[in-house]
Amino acid sequence: MASISSVPYALDEQIRKLIPKSKVLVVGAGGIGCEVLKNLALSGFQDIEIIDLDTIDVSNLNRQFLFRKEHVGKPKAVVARESILSYNPNIKIKAYHDSVTSQEYGINFFKRFNLVLNALDNRAARNHVNRMCLAADIPLIESGTSGYSGQVELIKKGVTQCYECQPKPPQKTFPGCTIRNTPSEPVHCIVWAKHLFNQLFGEDDPDQDVSPDAEDPEAKVDGEHSVTDTGNLLADVILLFLIKICLLENLWKTRKPPVPLSWEEAASHEGDATKEDENNVRSTDMQVWSISKCAKVFAETISLLNTDLAKRNFLVWDKDDKAAMDFVTTCANIRSHIFSIPQKSKFATKSIAGNIIPAIATANAIIAGLVVLHAFKVLAQEYEKCPSIYLRKKSVHSKFILAADKQITRANPICYVCSPKPFVHVFVNVEVMTVKEFENELLKKHLNMVAPDAKSGKSPEFNETLKIIWRGRDTTKLQDFRTHGGMPSGPGPLKVSNLQISS
């Protein structure tokens with residue numbers, strides 16, 4: 001066994017004095033967040049705030065040690081606060097059960113802290129916290145794990161690169177015709193079910209249309225489509241899912257066709273006589289549900305979601321929302337049954353739908369320890385001593401599982417987020433693209449902005465006019481911005497810096 005040094009990590013007097021005086025924000029109270037909070041509490045930090053949108057799920061209990069079985073369904077941030085206070089009741093700790101991307105948590109909110117520690121599990125929230133910390137000029141320690149791997153990095157304006165300096169690999173996607181017409185793997189049915197949720201309850205997105213794709217080249221016979229749809233999108237979805245398959249006959253010449261399943265058949269499917277304990281975690285989360293149970297849960301879930309939808313404009317799918325997760329699990333499994341695809345348990349479906357690689361408790365603990373060690377150095381403004389550190393599997397090529405960069409990584413000079421003069425060249429047809437499309441497709445989807453705003457030109461009157469147009473979210477064309485004199489006229493790229501887009 002390799003020997004481990006018994007020399008303790010020593011803090012100099014300056015850092016010891018700074019720790020109890022520092023105000024720290026922890027974003028995320030999940031696997032890494034629980035470990036970070038424990039480390040902060042035991043290291044002498046006296047003023048901590050936590051923000052997390054999620055509630056506690058049974059699947060969290062194997063690694064998020066601040067939570068117990070009786071906490072299932074409760075807000076993570078609130079329960080984490082209560083648990084941390086049991087370690088040290090003298091700590092001042094505040095919890096927010098909310099999304100960090102909400103408008104209440106703007107630049108002034110972040111300026112209240114000496115340090116921000118990220119323990120998030122999604123890219124959109126990471127992008128937002130990155131930008132808020134840059135704008136507030138507050139150091140951010142970013143961290144994450146994926147199975148046995150993980151990383152910790154410091155983000156400090158003017159010192160290091162930011163979270164968005166280097167392009168991130170895109171999320172894995174699947175061809176639309178595969179999702180809509182010819183699924184062959186469980187993941188295809190799960191993606192379809194997520195799209196169906198958004199189509200029925202979420203914001204309108206043509207890219208997530210789940211009705212049969214009649215434009216699929218495979219579905220054509222001698223250049224003509226073999227079937228036509230009803231013209232009623234919702235009717236097509238329900239017919240496809242519950243009553244009968246809208247068969248695109250040419251697709252099934254070389255593959256097994258789907259077997260139509262009516263609602264009555266699903267509800268009384270043979271082989272479903274075994275009585276399941278509804279309160280047993282193994283039967284509700286870990287076992288594959290019968291088709292009859294899927295039909296029953298689906299009907300109950302639709303009722304819950306419709307009630308929830310009546311209170312708001314649209315719903316947002318969340319892997320930790322029970323109704324949303326039940327909807328995807330039941331839809332995906334019934335569709336899998338129809339297409340003779342193996343079905344998945346709710347736990348497995350959640351892992352796929354949430355793009356989750358099963359977390360390892362020890363990886364979270366190692367990364368959280370490194371986060372707090374970095375925090376000590378950051379408080380003393382010893383930024384050069386905070387290179388990025390990576391956790392990786394031990395291999396035949398190296399005996400080390402922790403590897404650090406030799407020095408901190410400097411900012412990308414052309415990063416559109418953190419460079420001194422950020423700008424983006426955008427090529428759009430201003431006579432066709434509307435303000436709403438510009439905002440949703442470009443600013444939010446591609447530039448990762450949460451609540452974008454815009455101003456242009458030097459005229460106060462023009463800026464007020466533009467704000468009215470911008471806030472309208474209507475079908476106003478971008479060309480109308482030019483006609484007000486605030487943007488350059490004529491063809492060519494629309495330079496986003498001219499609009500001074502901000503999030």
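Glycine too: its Cβ is placed from the backbone N, Cα and C atoms.
Under the heading domain 'THIF-type NAD/FAD binding fold', TrEMBL lists 16-385.
Taken from TrEMBL, the feature ATP binding site applies to 28-33, D52, 60-63, K76, 121-126. Other C-beta atoms found within 10 angstroms of the C-beta of N62 (ATP binding site) number 11, with every protein chain shown included.
Around C162 (Zn(2+) binding site), taking its Cβ as the centre, 23 other Cβ atoms fall within 10 Å, counting all chains. Taken from TrEMBL, the feature Zn(2+) binding site applies to C162, C165, C415, C418.
Taken from TrEMBL, the feature active site, glycyl thioester intermediate covers C177.
Here TrEMBL flags 204-216 as compositional bias 'Acidic residues'.
Residues or ranges marked as region 'Disordered' in TrEMBL: 204-225 (among others).
Here TrEMBL flags 270-350 as domain 'Ubiquitin-activating enzyme SCCH'. Helix, strand and coil counts from DSSP across the domain 'Ubiquitin-activating enzyme SCCH' (270-350) read 47 helix, 0 strand, 34 coil.
The region 'Disordered' annotation in TrEMBL covers 482-503 (among others).
Least crowded of the binding-site residues (D52, D121), judged by neighbouring Cβ atoms within 10 Å of its own Cβ: D121. Each of the binding-site residues G28, G31 was scored by the number of other CB atoms within 10 A of its CB, and the lowest score belongs to G31. Surrounding the centroid of the Cβ atoms of C162, C165, C415, C418, where the record places Zn(2+), the chain contributes additional residues within 8 Å, namely L134, Q161, Y163, E164, A411, N412, V417, S419. It is C415, among the binding-site residues C415, C418, whose Cβ has the fewest other Cβ atoms within 10 Å in the structure shown. Between the CA atoms of C165 (Zn(2+) binding site) and G31 (ATP binding site) there is a gap of 26 Å, rounded to the nearest whole number. Using a 10 Å Cβ-Cβ cutoff, A124 (ATP binding site) registers 12 neighbours. Ranked by Cα separation from G28 (ATP binding site), the binding-site residues C162, C415, C418 are led by C162.
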